[in-house]
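Some features that Swiss-Prot has for this protein:
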BINDING   17-21, 81, 115, 166-170, 197-202  ATP binding site
DOMAIN    14-244  domain 'Phosphagen kinase C-terminal'
């Protein structure tokens with residue numbers, strides 16, 4: 001699988017990432033929120049040892065214990081979409097196991113004992129599932145999962161019971177956002193068991209016209225059915241977005257080109273940039289790349305700007321704790337230097 005930060009997608013590919021997560025628990029052990037820190041760390045060791053044995057050296061895995069890191073370091077992993085907010089909340093007893101390419105992440109003691117994640121570039125639901133399913137099978141050969149023959153995998157939250165699978169894509173929908181079509185789409189999808197969230201998942205706003213679209217239903221459907229349904233929905237949304245872009249170009253060609261050019265100009269010349277403004281400007285430039293107005297900027301560079309302009313990553317890049325004002329100044333500096 002391709003790392004989404006290091007991959008240049010096709011110009012017309014508006015799906016940025018595909019992610020598959022599987023929720024699993026070990027039979028006979030209380031859910032993570034019921035464990036003491038010492039008990040949780042015992043689970044971490046158990047899963048780490050199991051993954052190393054089951055992996056048989058095929059993947060170069062590293063185990064990262066969150067309790068050994070500072071808050072900024074853990075936040076960096078969140079900004080790269082390698083871990084969740086819940087894993088950070090449980091930092092005293094949580095960890096994650098990461099492969100060299102940063103396409104596979106096994107979170108330990110999040111809401112469940114295991115959250116196995118595959119994340120890759122573009123719309124690649126089948127590839128991501130095959131990859132994480134293979135690792136899941138290997139782990140299950142050595143660990144006794146909490147499983148019920150009638151309903152499937154048992155999870156801390158009832159909404160994950162069954163397959164325990166969440167399939168999601170991160171997609172760029174600027175034209176539908178500009179045309180105020182997103183409320184209608186959100187309402188329609190909620191009626192068929194699909195949910196739309198912002199860039200950072202549950203509870204987050206859709207900044208920069210970036211949305212996460214995922215399945216809500218995990219019970220009574222097979223993994224392949226979930227993937228097939230989500231893929232069909234995403235392809236329909238892609239078609240709607242492309243149609244909206246065509247309409248905008250026909251009706252407001254010069255206004256759209258001006259908006260994109262001004263956004264690029266601000267990014268290349270600003271001295272202070274807050275996070276939300278930066279994401280919105282990057283969105284406009286990304287649209288310019290996607291529709292062929294801008295030809296000298298890669299999607300790969302824009303993907304890296306998405307992550308590297310976030311607070312924790314900026315502090316790591318400049319090796320210092322930043323005040324809010326300093327953060328906005330350094331963000332503008334970083335963008336200027338990387339869009340030359």
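The backbone N, Cα and C atoms fix where each Cβ goes, and this holds for glycine too.
Worth saying up front: this structure is predicted, and the values here are computed from it rather than measured.
Residue 168 (ATP binding site) carries a strand DSSP state (E or B). Sequence-distant contacts of residue 200 (ATP binding site), defined as residues of its own chain at least six apart whose C-beta falls under 8 angstroms from its C-beta, comprise 78, 85.
Here the binding-site residues are 115, 197, and the one with the most other Cβ atoms within 10 Å of its Cβ is 115.
Applying an 8 A CB threshold to same-chain residues 6+ apart, the list for residue 20 (ATP binding site) reads 117, 118, 125, 128, 129, 132, 165, 166, 167, 168. The Cβ neighbour count for residue 17 (ATP binding site), using a 10 Å radius and every protein chain shown, is 24.
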